[in-house]
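Participant: Supplied in structure tokens, the structure appears directly below.
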Amino acid sequence: MIQSQHSQTARHALAETVVLAKARKNLSFAQLTEGTGLSEAFVTAALLGQHALPVDAARNVADKLGLDDDAVLLLQSIPLRGSIDDRVPTDPTIYRFYEMLQVYGTTLKALVHEKFGDGIISAINFRLDVKKVDDPEGGSRAVITLDGKYLPTKPF
């Protein structure tokens, strides 16, 4: 039976347990994703409390981390989503994304509407990918792909 969370408390606590177990076992999110049939971004988001995992994926990850049956059930529950409090993020990495949206949010909105019309980009029918590439000028660059289905506004 599908279960749904009414608060973020249980999933936040499980996320803390997951991060600690991951560190103790010296595992990467890529290693935890292996054998799930899902993307690294989706599994990572699920382990951090933002998605529900299918039963087989939940068991696979729980076995790798040494989590109990209650954790397997909780990993399958639909979370109350949203990881940023109702304030400006203070973590430097998350803040940079916030800053990007502050600077480019209206540009993204204008370009999406110009190319697609009135509507939104889905965060449900969505894919996320993060790649590290060499910068020709030295160092590394982050290539982040946000791939969401366009959903038009429908007059009623």
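Including glycine, each Cβ sits where the backbone N, Cα and C put it.
Below are the features I grabbed from Swiss-Prot:
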ACT_SITE  ARG96  active site
ACT_SITE  GLU99  active site
ACT_SITE  SER122  active site
Participant: Sorry to bug you, but what's the C-alpha spacing from SER122 (active site) to ARG96 (active site), rounded to the closest Å?
Facilitator: 22
Participant: What whole-number Å value do you get for the CA-CA distance of SER122 (active site) and GLU99 (active site)?
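Facilitator: Their Cα atoms are separated by 21 Å.
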